[in-house]
């Protein structure tokens, strides 16, 4: 039997509509400032998508573009200005940054109360301690997809493939908080396929095209594919070999149309949360 497809576009559309409705009840428009340094084509696409989504939700959205030649000091000065701007509730600096700018220094410079990416050490610590405030958008989106699909992590064996600070580590923390039994696997894990086969919930976030094959998936497991990889032909594939995995899994997210739309929807929700907490 083919796996049930978890439609991230539909879940994201519902969340965006909910955020817009909640924002409309406020006496102010939540303010989101997006900073783009340089002219990376993929980053420009992401920023345009975020800007459109924010405006559609009724937010006051501002995109600030700096040249690739901008110094770290210039970027930090801009962040300091945004930190003190009462009309700005959320600040997002689009990654990756040009060479010569330390991304960790930039992340640390953002006011944690406006850190809608959830990357500031204060927000990372709050998540690890079980008292989350602003949570990284992609892991937050994955948890919402699981909930929408009626898949409860409590008591389940969950494996997160990937240990990045952006997805893997916060994903594991959220699953642990939801009472899953969590394993983090990575490039140094022995017998990776066997570890994946033990999982009832398998979340792939490693950035390698179609790395997870069908025989890595336990029959009936839920497979969440966070990866977005461009093929030589210009198409998009995830970290999971979709057709193979879909023949075995109980439920699966597609690429595109799975986790991706949830990331932007959760960015809007984080901005709304930040605005409500500040004003």
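Heads up, the Cβ atoms here are built off N, Cα and C, so glycines get one too.
Copied from Swiss-Prot, the annotated features are:
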type: BINDING; residues: 162, 163, 164, 187, 228; note: NADP(+) binding site
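Here the features listed in Swiss-Prot are placed on the structure.
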residue : record               : Cβ contacts under 8 Å, 6 or more apart
162     : NADP(+) binding site : 168, 184, 185, 186, 203, 204, 205, 206, 207, 226
163     : NADP(+) binding site : 169, 184, 186
164     : NADP(+) binding site : 205
187     : NADP(+) binding site : 206
228     : NADP(+) binding site : 236, 238, 255, 256, 260
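Across 162, 163, 164, 187, 228, which the record gives as binding NADP(+), the greatest C-alpha separation is 18 Å.
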